[in-house]
Ligand code: AMP
């Protein structure tokens with residue numbers, strides 16, 4: 001069975017085509033700058049053929065049509081007909097409280113997702129656009145929605161409710177939802193497999209450290225807390241997002257700088273985090289380079305980032321009553337060796353002891369704690385698209 005996975009943003013669209021018998025990727029890539037000058041399609045197939053097609057891609061529909069042409073192309077295509085695609089799996093940013101698992105999309109469900117789009121105004125409309133275009137271009141093919149929030153729907157009330165007037169929760173759905181759910185769920189399951197233990201019996205802290213970053217406390221296979229909140233702005237320090245701050249800073253800066261809500265929102269989401277604190281870049285590699293060259297502000301940004309992750313490890317060990325495993329994933333978690341070392345320094349009291357030789361790895365599935373450490377530490381590359389493909393297959397089978 002072949003499954004098409006789509007992650008549609010407002011001006012970009014990432015895709016993968018899976019052969020589910022082997023879970024191999026047949027083709028993958030991205031369409032970028034949709035509706036903007038210099039748009040292009042990047043395409044790579046399982047024979048190692050790579051293409052970058054520069055074309056005027058004015059709409060998502062035009063982008064997906066171009067992609068379909070290439071999937072069917074004689075020289076580098078991987079399909080004979082689009083009928084070989086048995087279903088399309090879509091990443092959907094927000095499933096609110098309604099969707100605690102992936103679901104076959106129909107008009108009723110889509111109306112419910114649309115009604116929740118004010119919870120993720122930057123993402124949901126783009127996700128819906130991807131779904132609509134696929135419905136139009138592949139009318140006979142089932143479409144499945146896989147929500148970033150679903151995995152965290154197991155959180156107890158005390159973890160997801162904020163201490164705000166309760167009516168805001170009732171009226172507007174203001175609560176913690178959490179994101180990166182497919183990633184946290186996937187790496188927690190993989191960690192149990194790597195330890196050859198039952199996920200239901202483990203206390204795992206998952207650290208998804210990428211440009212967006214979040215952590216989750218996964219107890220007995222269920223998310224009981226996570227660092228992102230009502231939106232993906234809360235929690236860890238991220239590439240350009242501030243993470244946790246005193247909320248009183250928001251009106252304070254707004255008054256001082258005479259900012260409108262959209263302007264302060266932009267600063268907290270796009271100009272803060274590693275970029276804001278370092279004054280260098282949002283990219284961990286750039287900041288590491290600057291810090292190595294003696295830039296003290298870059299060094300400080302790294303320390304702030306690491307310190308926040310360490311605090312959450314402590315918090316999640318506390319709420320779970322201990323921790324059996326800590327998992328690092330995503331761009332920084334999988335690759336930043338020094339960052340992992342710094343985060344875990346001083347956590348020996350939790351049974352965490354890193355093996356520096358084992359930790360000298362990037363992007364590979366590996367246990368990096370010393371052999372006799374009570375708490376295992378692991379690097380596990382995430383694979384959100386595979387989770388979407390598996391859920392999609394299960395739903396249509
Ligand atoms: P992601 O959003 O998961 O793609 O992660 C992007 C982040 O991972 C960026 O901050 C990158 O700088 C960081 N990253 C990727 N490769 C490395 C590496 N080799 N060392 C340190 N950070 C890395």
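The backbone N, Cα and C atoms fix where each Cβ goes, and this holds for glycine too.
Predicted automatically and left uncurated, TrEMBL annotations should be read as such.
The shown structure was predicted, so the numbers you read here are calculated from the model rather than taken from an experiment.
As annotated by TrEMBL, Mg(2+) binding site applies to 7, 384. Taking a C-beta cut-off of under 8 Å and a sequence gap of six or more, residue 384 (Mg(2+) binding site) has these contacts in its own chain: 7, 91, 182, 183, 186.
For residue 14 (ATP binding site), the same-chain residues that are 6 or more apart in sequence and have a Cβ closer than 8 Å to its Cβ are 6, 7, 28, 29, 30, 385. Under the three-state DSSP scheme, residue 14 (ATP binding site) falls in the strand class. Annotation source TrEMBL lists ATP binding site at 14, 208, 209, 210, 211, 212, 283, 284, 285, 331, 332, 333, 334, 335.
When other Cβ atoms within 10 Å of the Cβ of residue 91 (substrate binding site) are tallied across all protein chains shown, the result is 22. The substrate binding site annotation in TrEMBL covers 91.
As annotated by TrEMBL, active site, proton donor/acceptor applies to 148. Here the Cβ of residue 148 (active site, proton donor/acceptor) has 25 other Cβ atoms within 10 Å, regardless of which shown protein chain they belong to.
Residue 180 (site 'Transition state stabilizer') carries neither a helix nor a strand DSSP state and counts as coil. Packing around residue 180 (site 'Transition state stabilizer') is summarised by its Cβ count: 29 other Cβ atoms lie within 10 angstroms of its Cβ, all protein chains included. Per TrEMBL, site 'Transition state stabilizer' is recorded for 180 (among others).
According to TrEMBL, the feature site 'Transition state stabilizer' maps to 241 (among others). Listed in sequence order, the residues of the same chain lying 6 or more apart from residue 241 (site 'Transition state stabilizer') and placing their CB within less than 8 Å of its CB are 212, 232, 233, 268, 269, 270, 272, 273.
Looking only at the binding-site residues 7, 211, the densest Cβ neighbourhood within 10 Å occurs at 7.
Highlighted here would be the recorded positions (7, 14, 180, 241, 384) whose C-beta falls below 6 Å from ligand 1, but none qualifies. For residue 209 (ATP binding site), the same-chain residues lying six or more positions away in sequence with a CB closer than 8 A to its CB are 236, 309, 328, 329, 330, 331, 332, 333, 336, 339. Closest to residue 148 (active site, proton donor/acceptor) in space, going by CA atoms and restricting to the binding-site residues 283, 285, 334, is 334.
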